[in-house]
Amino acid sequence: MKKENVLQQKIIALKQQKKAVIFAHYYQSPEIQEIADFVGDSLELSRKAAETDAKIIVFAGVYFMAETAKILNPTKIVIVPDINAGCSLADGCPPDKFRDFLKNYPNHKVVTYINCSAEIKTMSDYVCTSSNAVKVINAIPPEENIVFAPDKNLGKYLINETGRDMVLWEGSCVVHEAFSLEKLIDLYQKNPDAVIVAHPESEAHILKTAQYIGSTSGMINYIKASPKPKFIIATENGILHKMQQEVPHKILIPAPSKEDNTCACSECAFMKMNSLEKLYKCLLKESPEVLLAEELITKAQKPIQQMLKI
Ligand code: SF4
């Protein structure tokens, strides 16, 4: 039996013994997605975290996602395979700098994309994900001014979609900024029957080429419902595993990145810091654990609950 399969079986047995649940983001490697109890995008994972009655949540994603799970279900033990799995968006919005930035915009509603730290969430009126960002912005009365952080690309997309003039924090996702327009056009010319779908964290020139723009789960639903047989996917490469399971008869091609890497795609190095080995060890030792101060949890819960209400 392959080493990965042995580890997968050991994890499944340990998970049952410890009454744990494994949540994995779509951007995790296929071998982690295969043993997860639930695979989803940030919004779906937040909802599941709020509902679960498992004793332990093993969160295979990046740190801010595990923090969100802890905020939504503080009595649970939330553990992560690698505590250093960060995110360029969350790390590019340090709390002290954001606090100073907000001083320039008093009387603004603060909407933050879920890809930010718990401390940034405490400074927000609303949290949103790429699945519900348009709804959240539209739910804010038109006379209110808005600061949107930390993703400027998603922010620009939302300004276009909602017509709201928002102040944007200058953050971005390294993975979604890595797509090459030149290579994408070249790929499309070779596959003129393909439909380009893109995540709104991508840059505006990539979004202009897309026939569909949406969150990871939005893209999956779109491709499932579409009668077209071929798609070029502009988001993190890990999603192709789940998509291909959903539409085995369709051709899915990852959008090419600027770099000439081995996968000819864009992969999140932070997401890929997790491995089966690290996941097994963290479940065995119930560590590293996400530990947050009670006050931080209480304050960060408010804008997330606002989002879940909408
Ligand atoms: S893909 Fe981008 S936004 Fe998502 S975790 Fe990686 S760096 Fe962060």
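For all residues, glycine too, the Cβ spot is worked out from N, Cα and C.
When the candidates S42, S88, S180 are compared with the iminosuccinate site entry in TrEMBL, which names H25, Y113, I114, N115, S130, H199, P200, E201, T216, the shared residue is S42. On the backbone, the CA of C268 ([4Fe-4S] cluster binding site) and the CA of H25 (iminosuccinate binding site) stand 12 Å apart. Counting only residues at least six positions away in the same chain, the Cβ atoms of L89, V127, C128, T129, S130, A133, F148, A149, P150, D151, L154 sit under 8 Å from the Cβ of Y113 (iminosuccinate binding site). Less than 6 Å separates the Cβ from ligand 1 in the case of none of the binding-site residues H25, Y113, H199. Compute the center of the Cβ atoms of C87, C173, C268, which mark the site for [4Fe-4S] cluster; besides them, the chain residues with Cβ within 8 Å of that center are V62, S88, L89, N115, V174, V175, H176, E236, F270, M271.
In terms of Cα distance, the binding-site residues that sit within 10 Å of C173 ([4Fe-4S] cluster binding site) are E201, chosen from H25, H199, E201. The two recorded residues, C87 ([4Fe-4S] cluster binding site) and N115 (iminosuccinate binding site), show a Cα separation of 8 Å. DSSP gives C268 ([4Fe-4S] cluster binding site) a coil state; it is part of no helix or strand.
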